[in-house]
Structure formats: C-alpha cells, structure tokens
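Scroll down for the structure; my scribbles are underneath it.
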C-alpha cells in the first residue's frame with residue numbers, strides 16, 4: 001500500500017517546523033514537499049499534525065526469552081509502536097543471554113517472527129553477563145549485534161572492560177555500559193539522599209555511578225573505543241562526561257524521560273513504581289541533567305523501558321525489582337514537561353529522540369529523507385490525555401506517571417511503509 005499524507009508539518013533539514021505533504025511508495029519515502037499529488041496512493045489528511053521520523057530508542061528491555069511473564073517481543077514492540085518508536089535496541093539481560101551463536105540466532109528468529117517494529121539486539125560483553133569470560137564479539141557482530149553491553153550490571157573487572165573495548169574498537173563497534181561500582185551500591189533501593197534518610201532506607205550514592213563512568217572513560221581513551229553511557233543520573237557523571245568530550249574522548253551518553261521529569265523530591269511515598277535504577281536523584285542532579293542535555297554533554301534520550309508484573313512491584317520498595325515502563329508515555333511526558341514549559345524546543349526534542357541516537361550509532365534512521373525506509377510517526381501535539389496504565393499495550397503497567405495529564409500523543413506509526421499501529425478514529 002502507498003500512502004500520501006496531506007497537510008502535515010515536519011522538521012526540515014534546517015531544523016525548522018514547516019508545512020508539508022509526504023508520499024510513501026513501496027515502503028520508501030518517495031517525496032517530502034508541499035502540494036504533492038499521486039495516483040495509486042491512499043490519501044490520509046493529517047490536518048496539521050506533526051509528521052516525525054520514527055522515534056529511535058537505544059535502551060529497552062523486551063524480556064523475551066525467559067521473562068515472558070513481564071513482556072514479550074510482540075507486546076513490547078506493539079507498545080513501542082504505540083509510543084511512536086520504530087527502531088528499538090534490546091538489552092541482553094534475557095535468559096538465556098545472547099552471548100553465543102545459538103542464543104543470538106534464537107533471539108533473531110524470535111524478532112523476525114514477532115516484532116512489530118525494527119529491533120536491534122545487543123550482544124553481551126561477557127558470558128551470562130557474569131563478568132569473567134568475554135563473548136565472541138566477531139560472531140555476535142556477524143549475527144547482527146547492535147553493540148556490546150552487560151547492561152544491568154557494570155563490568156567490574158577493569159582488565160576485562162579494557163580488553164572488551166579493544167576488541168570492540170577493532171570491529172568498529174560501541175561498548176555500552178550500565179555504570180555502578182558494586183562496592184558502593186550499599187544494598188540500596190533508592191538514591192542516598194533526603195528520601196532514603198526520611199524513610200530509613202539504604203541508599204545508592206551518586207558516586208557509585210560517576211566513579212564507574214570515570215574509570216570507563218579512561219579505559220575507552222586507552223582503547224580508542226566508542227563508549228556509550230546508559231541512563232546518566234548524577235551531576236558528577238555529567239561533569240566527567242563533559243570533561244571527556246572536551247578532551248576528545250569518544251564518549252556518548254543518554255538520559256531517560258523519568259530522570260528529566262522527576263527527582264527524589266517528587267517521590268510521594270515508598271511506592272515501588274518510583275523505584276528504578278539508577279534511582280531518582282537530588283534536585284541538583286536533575287538540573288545538571290537538563291543542562292547536560294542542552295549543552296551537548298548528553299546526546300540523546302532513551303526510555304530504559306523496563307516492564308514488571310504488578311505482583312513483583314507489590315513486594316514493597318525494598319524487595320520490588322527496579323524499573324518502569326517507558327514506551328507509551330515518553331513523547332507526551334517530554335513534550336508536556338520540557339517543550340511546553342520552554343525548557344527545550346520541539347525541534348530539539350525530535351532530534352534527541354530520532355537523529356541523534358541514529359547518528360551516534362550509524363543507523364539509517366531518524367530523518368525524513370527521500371529514498372529512505374518509511375519509518376514515520378504522526379503526532380497530535382494538541383491532543384491531551386491522562387496517562388492510564390490500564391490502556392498500555394505493554395504487559396508492564398508499572399509507571400509513576402499514572403493520572404498525569406499530557407499533550408502530544410502519537411496517533412499513527414508506520415514501519416517500513418506499513419501501518420504498525422494507529423489510534424482509532426484519530427485520522428478519520
């Protein structure tokens with residue numbers, strides 16, 4: 001099916017939002033211009049809505065295989081499509097871990113069979129993410145590994161991390177890291193700060209993250225490796241990443257929507273839906289993340305979509321697993337709380353969710369360019385809705401944002417020229 005989207009708006013190559021039509025033919029973007037006419041195409045009048053590149057998320061957890069009670073590739077990618085994401089990068093903390101030919105081939109077969117959006121799987125740095133034996137990077141790359149990470153646990157052995165970075169650099173691949181120094185975690189369930197003190201909870205100190213990042217940056221410099229930092233959360237982390245970039249070290253970084261919108265002051269009670277890793281930090285950390293995003297220290301926004309069951313989250317804040325769902329709330333949360341409040345522009349938000357992650361990892365995505373695959377998201381910037389977890393397509397309903405009123409909701413997502421999801425009656 002070919003589609004002609006009429007009367008939309010998009011961000012052009014100069015970074016300005018302008019009026020446009022967009023023609024999709026044979027799965028490709030055929031033309032982006034005003035006043036397009038075409039035969040043999042279904043005309044869809046988007047009536048002033050935003051025509052955006054499909055959103056790109058480099059940090060997601062789909063749980064399959066091994067965690068299908070939390071999420072599956074099918075439910076997770078449907079949720080991604082509903083959130084406007086057309087390309088997502090799946091972390092390797094599954095069971096089994098994609099750490100060898102057999103496991104990666106199985107994962108890729110599952111993705112091919114079940115995914116509703118483009119899914120790029122990470123390969124593990126170490127076997128079973130145990131930190132002691134390096135995986136076969138060459139084989140994992142051959143089988144389509146997006147990059148290498150032991151996400152969920154930082155690689156604690158510096159010699160192992162250096163060896164991994166050297167091998168990744170030879171393959172022109174990135175090493176991606178969840179950064180925690182295990183000896184400083186303190187069995188914490190929240191940030192070490194006012195909230196932990198008030199509620200008598202063990203806290204995770206900010207330096208637990210920043211000291212690990214500082215170590216890895218120096219290792220990346222020694223290995224001449226592209227090093228990407230997951231979900232930055234502290235003022236100290238922003239500082240060391242900024243210093244590294246100024247020194248010319250190949251480091252990039254991401255931040256989550258929840259760390260941009262919330263800090264520990266916003267946690268109303270010991271509610272496990274506010275438990276994520278890294279935890280919500282202090283107000284100064286929150287302000288540093290915004291500053292880092294604006295000055296280019298932080299390159300992109302990634303959801304860290306981490307679904308869990310209601311039963312798991314009901315165990316209380318100390319025992320419940322870390323993580324919240326992110327796909328279906330990311331864009332409206334960011335548009336409402338950052339763009340509408342004048343903290344960033346709409347153009348910047350689009351870049352942080354599309355071209356910046358794509359460019360950082362060399363993906364042919366993130367831009368509406370003629371000849372490229374038609375991965376497109378239509379967004380109604382005027383639509384206001386209340387976040388209702390019962391309507392999520394994800395199996396995970398675990399969100400701290402239930403009841404929040406937000407504007408800017410995706411209404412249609414096109415992947416490879418085909419409609420992957422659309423809101424009922426949104427474009428009628």
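The backbone N, Cα and C atoms fix where each Cβ goes, and this holds for glycine too.
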Legend entry - Among 151, 157, 265 - the residue Swiss-Prot places in the same Zn(2+) 2 site as 178, 231: 151
Legend entry - Candidates 12, 35, 93, 109, the one Swiss-Prot lists with 61, 62, 63, 277, 304, 308, 322, 323 as binding substrate: 93
Inset, instruction - Only counting partners 6 or more residues apart, tell me which same-chain residues put their Cβ under 8 Å from the Cβ of residue 61 (Zn(2+) 1 binding site). - result: 71, 90, 91, 93, 304, 305, 306, 307, 323
Legend entry - Distance from residue 277 (substrate binding site) back to residue 231 (Zn(2+) 2 binding site), taken between C-alpha atoms, in Å: 9
Legend entry - Nonlocal residues around residue 178 (Zn(2+) 2 binding site), in sequence order (Cβ under 8 Å, 6 or more apart): 149, 150, 151, 152, 153, 154, 230, 231
Legend entry - Three-state secondary structure, which DSSP defines for residue 59 (Zn(2+) 1 binding site): strand
